[in-house]
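Trainee: First the structure, then my questions, so here it is.
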Amino acid sequence: MALLGFGSENKTTAKKSSDGAYIAPDRTERAQCWEARDSYYSCLDRHDILDSLKEGEKAKNCCPEESKQFERNCASSWVKYFKQRRVADWKKEQTRLKLEKENAVNIADVKDGSVRIVNS
Amino acid sequence: MARAQKVAYQCPSQPIQTRAFSRLSASSRRTALQPATPIRHCQNASSSFASHSQLRPFSETSRNAYKTVQEARSRQRSGPFSWKAAVLFVVTGAAMIVYFQEEKARLERKRIADETKGVGKPKVGGPFNLIDQDGKPFSSEDMKGKYALVYFGFTHCPDICPEELDKMAGMIDIVKKNTGNTLLPVFVTADPARDTPAVVKEYLKEFHPDFIGLTGSYDDIKRMCKVYRVYFSTPPEVKSGQDYLVDHSIYFYLMDPDGDFVEVYGRTHTAEEAAKIMTDHIKDWEKPINQGLLSEARTKAVIPEGDPHDPIVS
């Protein structure tokens, strides 16, 4: 058994498999990580922070406990990934809203016939 | 009269029976060992025969086949378009619509399945030589005989792979319920540096016991990703315990029993939708499908369930 190789801080320990390679987080550990991520996200929402990578200092000061838990329960590559994904998901949602305003229709709805394109 | 002829026509073989019947008393008629239906069908015919037998020995029907005037009027009004005819018409029409729609869907599936066969077509998939989660060799030949659902991922994947693998487990169960043991679920790692057979085995047992988990050398996996047109981004040199993510395509590839590519399912498909399409493809397959338990050997050799947090060290 060895300390989790990824990340520098004192994280939970990663298990080694029978051939010596590190086992990936299992279902329970994933769930713990996602839970920590979600409470971190909701804290960011409360403080109106979108990009916690850009506003790292502010995020750390506003959500010290959530930030600690997040980093403790998830591998650092996951932490970075989730922080980036939050921004990407927000941008995606904005694009969707913008398109919706422009009366764009979902291509899937057109394909299954629930929406019809009418040429004006 | 058209109606009278019709009634007579309904019971062509009846006259002899009914004639004998009409001579019997009502009670003995009931006890007679004759099928009940002809009597009911030809009530009009037999009763009319009783009254007109002297005058019209060859006719079994009277002109007054209706019990009431209203009935006669309504028959007269509706002409040959009875409710029976209407029902028959609607049922036949509906059946034909269903048949043609099904046939259309089947031909569409056949078109998709055949699209990638033959010369000059885009080729997805091909020969490979990898190792499974027990460290045994597993090649593209071992995948033939059943349909195969191939998914590329890596065990240290933060969120998408586990979600998709749970979905895939759902598909496996539905397809299995619908068609039996016809589908081989295959997980191929896109991160050979960290995903050794033992790591893959530990990972997959949380999703579905039928999974075949494939890994191999860096070059073998790179080649595998290439033939399946999967984006491959594992860095060639990684230190033990290094933490990184891998970008990879997140599609389920359906391969037929000949090893030919059929189509892909992605994030937009629910487990039910993808399973439905796969079930239809499998039912379309005309050649025999191997129904054997390919994963039997492995499910027997599964590591005994102990404390999941207990590290397994050799």
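For all residues, glycine too, the Cβ spot is worked out from N, Cα and C.
So TrEMBL lists these for the protein:
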type: BINDING; residues: B:Cys157, B:Cys161, B:His248; note: Cu cation binding site
type: COMPBIAS; residues: B:43-56; note: compositional bias 'Polar residues'
type: DISULFID; residues: B:Cys157-B:Cys161; note: disulfide bond
type: REGION; residues: B:32-56; note: region 'Disordered'
type: TRANSMEM; residues: B:81-100; note: transmembrane segment
Trainee: Under 8 Å between C-beta atoms and at least six apart in sequence, can you list the same-chain neighbours of B:His248 (Cu cation binding site), or say none if there are none?
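Mentor: Non-local contacts for B:His248 (Cu cation binding site): B:Phe152, B:Gly153, B:Phe154, B:Ala190, B:Cys225, B:Val230, B:Tyr231, B:Phe232, B:Ser233.
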Trainee: Which chain neighbours of the Cu cation site, leaving out B:Cys157, B:Cys161, B:His248, have a Cβ atom within 8 Å of the mean position of the site's Cβ atoms?
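Mentor: Sorted by sequence, the hits are B:Phe152, B:Gly153, B:Phe154, B:Ile160, B:Glu164, B:Ala190, B:Asp191, B:Val246, B:Ile250.
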Trainee: Name the secondary structure element type, per DSSP in three states, that contains B:Cys157 (Cu cation binding site).
Mentor: coil
Trainee: Give the sequence-ordered list of residues that share a chain with B:Cys157 (Cu cation binding site), lie 6 or more positions from it, and have CB atoms under 8 Å from its CB.
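Mentor: In sequence order, B:Leu245, B:Val246 meet the Cβ cut-off.
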